[in-house]
Amino acid sequence: MVLKVFFPSCCSSADSGILIGRWISEQSSAVILAVVHFPFIPVQVKQYLGEVQRVTKVSVSVLGSWSNSKQEKEESLSEFLEDLGTIFCHEPWIQISKEGDSKFWSCSTLQKHSKNPQEEEIILVYYDQRKVMLSHLHPPLDTAGQRAEDASKLSAIFDTVARSQVLFMTDRYDEGPIKLTHWQSDGVEASIIVELLKQASVPACMLLTFLLSLVSGICRSRVLKFWPLSFLWSKLSTCEQLGHRLQHLQVISSNKKAQNQNQLMRKANIFVSLLIDVALGILLMSWLYRKNRIGHLADTLIPVADHVAEELQDLLQWLMGAPAGLKMNRALDQVLGRFFLYHIHLWISYIHLLSPFIEMILWYVGLSACLGLTVALCVLSDIIALLTFHIYCFYVYGARLYCLKIYGLSSLWRLFRGKKWNVLRQRVDSCSYDLDQLFIGTLLFTILLFLLPTTALYYLVFTLLRLLVVIVQGLIHLLVDLIDSLPLYSLTLRLCRSYRLAAGVKFRVLEQQDGKPLRLLMQINPLSYGSVVQTYRLPTYSCYPRDSWASLCKKLFLGELIYPWKHKGDKQN
């Protein structure tokens, strides 16, 4: 039988005493947590361990004795440590002794109450108690078979050390009757700044919770549910992003304690994401308001809009002629060209009407950067949507006209085959038509078929322009999603303290000596960066379409509308 003893490396220089830990009978393993060194009273040790078990719910007990002889081994001390096994009564009683500065220890077991004592092979595993205490073990994704069993055994050891945190709150400066040696025995790790922040965070969170509840109450009021405000709230990505950030602030300021490590990491990731987002937004705002960059941007905006309008006019003039040598229907071509030219004229008039107020509008819009870089990017996306509204109108007109002709041709094609679309049953049924219906259907089919190339050309050109705008907005929203969902705190933790995110362990064989137990060093394997992102990635609030290529091509062919963003409840035509 193989007995595994997990011994904390911080206790290797502890004075002689008794070993406190947990015995895991299913694995034949002993997890040593601390060393109680002399002098001590056995009754007080039992009372202390009873209090620790009541608080931590871990079956902590005295597992054996520890002897650290600075000089020659003392016979009286070894006999006394052996006799302690009759007081604390643990089977098996583990005896570990270290002589001088030797790194090869003697380890044996006693089974006084066993009728058939068996000789056991002992494996001594050294582990860093601080790293195991502060780490969080992540089980493998493919939890099946032998890997799942190994992960459960390993998690029992990590869970034992993590839940025994109360045991590590006693250091050598305490004046209690029991002196312990563990990873914090030289002094409990603490920070005055952290403690002050904890005390100050309570009233700050209460104030923030009150303000957020007030804001969320206003947002849920019936005033915002009326048609104009509800329409703007659902279509403007800035309002959507503000709503998401409001939910994040509610999660951070919640007075509910995190139930597990994942909830704690989620709160930390949201807090760091908000902090970096606001810091980048303030940097952007400080850059915009230096050297009158807002004025230069406003002066550049009008000429750029005029240039875009002129390019569209040249494009329409090219379509109204013989584009690429194609023979178009002249009457329909002239009607469509003049119709779109008139819209461009209206657009230029609209831009010049707003030109005296653009600098003031940009000045106030720039202040939104103090709410975060993501809010500023969403404002930029909305500004692009407003400035390209005429392109969107052209696309809608062309798509509707093209869609009408496609569906008309498909319906008339079914008429030739003696079929019709059954609206109630949602299927194609057979139908008999008379001569007049067939004549009118043939006439309409011929007209629509010969007018289709002209309409399809306008639809193709404006669809390409619309896709260009959608791609720009999609890149902006992709950057917003990246800032919103990237677990920055977890990645920083992986970079600076990789042991905090443990994927597993590896055992390194140390130098051996004949007649001594096998010595292993347990080292923590950190999670990979990809696994960190996959595990702790925050929920995404995507505003750009995620249609597949087949679905997108189908929509383009049928003339269905492509929106720059798609919210819950929206229906695409």
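All residue numbers here begin at 1 and follow the chain in the order shown.
Note: Cβ is positioned from N, Cα and C throughout, glycine not excepted.
Residues or ranges marked as transmembrane segment in TrEMBL: 200-219 (among others).
If you look up TrEMBL, you'll see 270-289 (among others) marked as transmembrane segment. Residues 245, 248-249, 251-252, 297, 366-367, 369-376, 483-484, 486, 488-489, 492, 538 of the same chain sit 6 or more residues outside the transmembrane segment (270-289) yet have a Cβ under 8 Å from a Cβ within it.
Long-range Cβ contacts of the transmembrane segment (335-354) within its own chain (Cβ-Cβ under 8 Å, at least 6 residues beyond either end) map to 302, 305-306, 309, 312-313, 316-317, 319-320, 361, 389-390, 393-394, 397, 454-455, 458. The annotation transmembrane segment is assigned in TrEMBL to 335-354 (among others).
Non-local neighbours of the transmembrane segment (361-388) in the same chain are 236-238, 240-242, 245, 274, 277-278, 280-282, 284-285, 288-289, 294, 297-298, 301, 305, 354, 469, 472-473, 476-477, 479-480, 483-484, 543, 564; each lies 6+ residues outside the stretch with a CB under 8 Å from one of its CB atoms. Annotated transmembrane segment per TrEMBL: 361-388 (among others), in sequence order.
Residues or ranges marked as transmembrane segment by TrEMBL: 394-416 (among others).
Annotated transmembrane segment per TrEMBL: 437-461 (among others), in sequence order.
The transmembrane segment feature in TrEMBL is assigned to 467-491 (among others).
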